[in-house]
């Protein structure tokens, strides 16, 4: 019996080898052309399905309350947080069956644009065709960059995560240090802290988002996507190595941690000794307040650091959610109205957990933050400055720099290597990952 | 029932194994066969078809297999899984059988309580246990921190260094999966009539001899079955790397095991054909093992 | 070596005798054996139980205590109620809804599994029909097919028959449980001697009567075992309901837990600080969702042991 089966399998396999008639390469995903975007038949009274993560659910419910005439079916999903690809997984299946797409979807990662805006019939509709330009122009400059493919915008930014310099004002005053304004001063201070106050830290390098804090700010061309799906990866660029060697120096000196700020061990033993840390805007409430439990009146934020040699200051960005509108939606009007409301209105954004991408809402948000009295001084100047300084050269890619850094560089760091010595392996890892996702790498 | 009339014509067939083919067998398996065709065979056949065609529905022969074979992650993933499966199978077989034998026939209450506790982690599958591993693997506040530190691992990152992963995943998989198998083996041991063991004891055989000469041979089919399934689940390792990856904020590569790689193909690159090719690779590896075990363990023979 | 003939005779005629040997002399060997037994089982007791114990304690602490305090420090009632309230406040008690959904899927699939798998395992073990070995082989092949590759085919199939979004899209695929068929097959083929069936057939029993009179009364332990594994598998299945169900009101516990996890600031840095879902709440949610599994375990364990011991003597 089994010999017969084995024989049949062998014959069948041989036959297949001979009869191959197509190419095994996966179908190349053509770049989206917004001019060809065609609406499906519209039904302005129809129900729309909205996918949001649990954090965004109250906002959508608030929209429903303010617009009782809109018919909304709200579905909670992971929001693609922490590396999940739920939206993409489901959309792949919906594409196969030709139905089921959510009219509106929230995602915690801007990286989704890199697949949602591509394909034969991209999932994401060009929002500049359905949302008024006057609304889109109210966003912080550069906030919509990760949503752009060519000249078109495929998502609406919910919140920004611009990198500022967080510091513990109480400790800094105690030690008698000045807040640095350049990376060079920062490094000098770091070395000084290491000798004068061993055990205290000026930053962490074990977080997955380390590239987005340090390399993005130093304008490193870690991935530059050009026309279509061409990408260049150049970690050996001087703009990258200046940040990397600074981190290596500080790790060696002992004032930069190899852990992540969310490691339980770090929270337990190191959090109170974190003198300063370049980090995204959400560090304030999420990290220092809720996780580290640093008391009121100690934490403050300074504007992003500058490289002395550069003429302009740039900073990085760690996350920030986006809203997509489905190109398959039968009710684009309601979908667009909902997305505009949840991203721009004061009701939706004034007390959000993270910094609103929409400028007027951000102003209100900052005054509400000031009212909490948590920070040692007003964070508004640092935040608004940083929001305008996010370097636009860092491309949104379908692969995540975070997971590549976490799985390639962090283990090496913890085996005692320097980041400089892993640059080759790191660069190869980025190139390999890009190639498997259909990028042409050079 | 329809079967009553069809099988009523079977008064003969008295001798062991001399029973003739009957239609009753078809009736007994019919319900299962419907489910098997719908949710087992059809999807499998479709997956195999996917593996030899491309996204435009053209036959491409072994193209997808060659393409995935040259993927830079392929060799690494399969190397990982070979090391893991070796460690996993040996650990599981030895410890599960040993523990089941130890628990059997002694101190009934204690033994029942122990079986319950051994099983406890089995209920904590998947997502539910992420929060546990998040803390457990970080020496700074792990309940087993002293063990981790005894190995000289002082942070989460050093605990989950790449070279530790196969052993770590074995520990996690054993922690969640062993209790269920111990229960199966315990149940199987209960099937061995007490008289046989009594007789052996009367002949002066010790606990160890009884286990080796009587209990183990009689567990043959069960052990073979466990081997096949443990091998298949071992090669399809998915949950444990995902779990540790979540708990460590991504320090495990997303294509560590072949099954994860297959998932990456399907849902990150949208390449269902490449994904199916990888799955078929795993299927063949599993089949090779199963065939060996089925014949050596005479699985399909009736005792 | 005991022959199989002996064994089946013993099975057919035997009755349970007390297991203990005469006399309880404490020789050095026995003491050593005892010590090994306690040492070995005790070590594994710690291995399996310690993390669970930690998790139970964690529900009675604050997030800060978990991180900064001693791992096995006792929690307190106040913090536990706080954890409980935070968890129940998550989307108006969504966790209870998830558990209800899980119960519907798990029990629904379990019923279909039992109705199909027990007769099938019996048929494969004790009746003869053409294609028996082929069926066993196919079952085995399907069983070791990696699940990731079956997701798309299953989804397309369910979609083709318009069942997407219904509870059947989860229940039906789950109720296909080849593992249970194999367990039943092995159980019957190594428990019921064919002589017994032959005798029944000689007495004029139909095949159905043979099954009903001999196999069913003996089935208690295997039903317990299959129910248990099927229930646990159904309850813990994440991927199938995740793919099939389009509505969060239909989510079972595992998919819901995943949402809870990603709503937590521990795993989702963009969650902000509003949802008070932190480590204690996650631990409590995990423990709540395993309670049904543990209940089923206790029930099936009883049936398993009692049934198996009585098994061989029944006629």
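Including glycine, each Cβ sits where the backbone N, Cα and C put it.
In TrEMBL, annotation is done automatically, which means it is predicted and not curated.
Feature annotation from TrEMBL assigns domain 'ABC transmembrane type-1' to B:78-293.
The annotation transmembrane segment is assigned in TrEMBL to B:26-52 (among others).
Residues 111, 114-115, 118, 165-167, 169-170, 173-174, 177-178, 181-182, 185-186, 188-190, 211, 215-216, 219, 223, 226-227, 230-231, 234-235, 237, 253, 255-258, 260-261 of the same chain lie 6 or more positions beyond the ends of the transmembrane segment (B:72-104) yet place their CB under 8 Å from a CB of it. Here TrEMBL flags B:72-104 (among others) as transmembrane segment.
Feature annotation from TrEMBL assigns transmembrane segment to B:116-136 (among others).
When Cβ-Cβ distances below 8 Å are used as the criterion, the transmembrane segment (B:167-189) is approached by residues 84, 87-88, 91-92, 95-97, 99-101, 103-105, 115, 118-122, 124-125, 129, 133, 159-160, 215, 219, 222-223, 226, 230, 233-234, 237, 240-241, 243-244 of the same chain, each at least six residues removed from its ends. The transmembrane segment annotation in TrEMBL covers B:167-189 (among others).
The transmembrane segment annotation in TrEMBL covers B:222-239 (among others). Residues of the same chain lying 6 or more positions beyond the ends of the transmembrane segment (B:222-239) and with a Cβ under 8 Å from any Cβ of it are 81, 84-85, 88-89, 92-93, 96-97, 125-126, 169, 173, 177, 181, 184-185, 188, 216, 257-260, 263, 282, 285-286, 289-290, 293-294, 296-297, 299.
Same-chain neighbours of the transmembrane segment (B:275-295): 47-48, 50-51, 64-65, 67-68, 224, 227-228, 231-232, 235-236, 258-259, 261-263, 265-266, counting only residues six or more beyond its ends whose CB sits under 8 Å from a CB of the stretch. Summarising the annotation, TrEMBL assigns transmembrane segment to B:275-295 (among others).
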